[in-house]
Amino acid sequence: MAGKSPVKAAASSDTTSTPIPNPNQFKPPQISTKLTTPAAVKSEIPSTPTRSSRPSSIDADVIHVPSYSRWFSWGKIDSCELRFLPEFFDGRYPSKSPILYMYYRNSIIKQFRENPSRKIFFTDARRTLLGDVGSVRRVFDFLELWGLINYSASSTHLKDAALTSKHSSTCGRFCGACRSLCTFACFVHDKGNFRVGLSNADFSRVEITNEAKADWLEKETSLLLEAIIHYGDDWKKVAQHVGGRTDKDCIPHFIKLPFGEEYLGHPCSDKAEPGFETNKRMRLTPLADASNPIMAQAAFLSALAGVKVAEAATLAALTTLSEVDDTRASKVGRGSLLRNTRQEADISSDGDTNLNALERAYADLDSLLEKEEQDIERAINGITEVQMKEIQDRILHFEELYLQMEKERQKFEGMKNLLFIYQLNLSFGKSYAMKTEERVMEKVKTDFIIIVCILFYLPLQAMANREFLEFKEIACQCF
Amino acid sequence: MKPPASASWKAPLKFRMPTAENLVPIRLDIEVDGQRYKDSFTWNPYDPDSEVVMFAKRTVKDLKLAPGFIPQIVQSIQSQLADFRSYEGQDMYAGDKIVPIKLDLRVNHTVIRDQFLWDLNNFESDPEEFSRTLCKDLGIEDPEVGPAIAFAIREQLYEIAIQNVTSARENRINKKGRRGAEHFPLSKAGGAALDLMKLFNFRSSVVRKRKEWDYYKPILDLLSNEDVDALEAKEERSGR
């Protein structure tokens, strides 16, 4: 690219153009609405390593940059750049990267600073830059707005630039429209902030008045009410009458007026009605703040519907509820009594206020129901107790049987042991002087004994099994 | 190598510039009240139409042209954009196309002539990047040369893309007519590309032959003021 900026050294020494280091280089543009307030002046020398700051042998003057552009830095991207030119940072176009943005920005600024006394035109800039002219134009406009180029070229141009674009951030007055610091003017557009598709003409100017923050005085309020009585719907005239307030200020203020002002209102004025109704609405819904969302809903709906409708609705609801209770109560078997009470309730309800009678009937019904429930509970308890006792007896019986079995088993164990001892005796006794046949004979004898014992053992086993099966059956029955 | 037909037939893609960014090259040449305005730049077709008007106003203000230029500029840009958009929905036939791109420009004092091959299938290609590198390598100081080169590349790519669209259309019609589906790439647009295909078969090497080196070398001339004036006068005369 063409030569280095000769005024680089001068620029860095200029107090108004010191940048604020900002690590926001590649963050997505989720910026809060706080604009960059002038922070403490940091004496950082902005430079990229490739740049060499030539001593200003040329008679170039100091580059003036407005204080609200203090954030500018050659190597970095500030948050307001992210905000104003999101197209380079949101990754939608693969080639529109922050690097490309910095290339545009730095080349435009360099080009301007080569000849700072002459205003640089967009066409000059875009001729030297690669890329589509739309993006270049946006970067150019941004830089011009923030005074990074063409700032000292002509002061009138600056005013135009500032006034015909978005608000810039300096310590200024508080602007009611954008709720932040504004200097020259604030422009609003219902679609939101300045974007590619919108032009200057789409924005409407909002006057920043110092009274935006001031409260309404009593005098003003009374003037307002007077005006409303006289002019009713015509807010322009009302605003005129009040003086010093726009109609857009008057309307919200009027709506916010406390309910007690109602007596001043004209019933036939259209604007008064919704105002009053909202007042009443706000008064009659004390439960609207209740944490219980259902209550809040109910309160809101009842307020919307109106008093008579709400009454009728509650009455209908209560009668149906009582009918439902009636059917439930009759199932338990105390229907007649309840029906009487219901008839009583009906009769009494026909007399004075329905709500009270129904409530009384309800109380009676409730107590009866409770008694029923208690009876049922007691009966169930008795039944379960009896059952439990039965099971307990059975368990005891089985324990006895089991004991018996154990005894017999032990007896049998003893017999087995005896047999074993006999066997041993026989085999040891006969081992020396026995011949094979005799040994076999002895074996047969011992086998015979074993078989007899087993046979004796088997029925015992069977008996034990039978008992055990019985026990199992009964246990199953219980449970 | 297989006959180029079956090797290069690919499903048609939707039309777009074969570059990373789908930008349209716009050329303006308007004359109003004796003032002549010639310009060329790239435009982002996704910008809203209000941008066109703003750009026109801006340009007229910057260059101090007559206000009668504004509607003409707007109309010209819009018609070129409309052309671009009319191609947009259609199919583009993109085979294995490597096309030669030629540069022959004069920008202020710099004359540049060059020729190189460009891969049409590479949708990540970036003429801007190429131009930037070229200028840096050649040490071109005039910052206006870069965009001019990028623009020239884009224009040529655009024309070729348009040709692909028309060829795809023709081929579709032909397909219905005859069964010879292998004849697709033999349209006139593919003529230049086909020659290159022959170059890259396995019999020859990828390295360029020595005699072709001169063709593919960039030639850079710096003119003096008189030459510039002379050339400009000649161009105007030929233009009229």
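Cβ atoms are placed via backbone N, Cα and C, with glycine included.
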Listed range which TrEMBL flags as coiled coil, given the options A:139-192, A:247-300, A:355-408: A:355-408
Composition by DSSP (helix, strand, coil) of residues within the domain 'SWIRM' (A:63-160): 54 helix, 1 strand, 43 coil
Residue distribution over DSSP helix, strand and coil in the domain 'HTH myb-type' (A:213-250): 26 helix, 0 strand, 12 coil
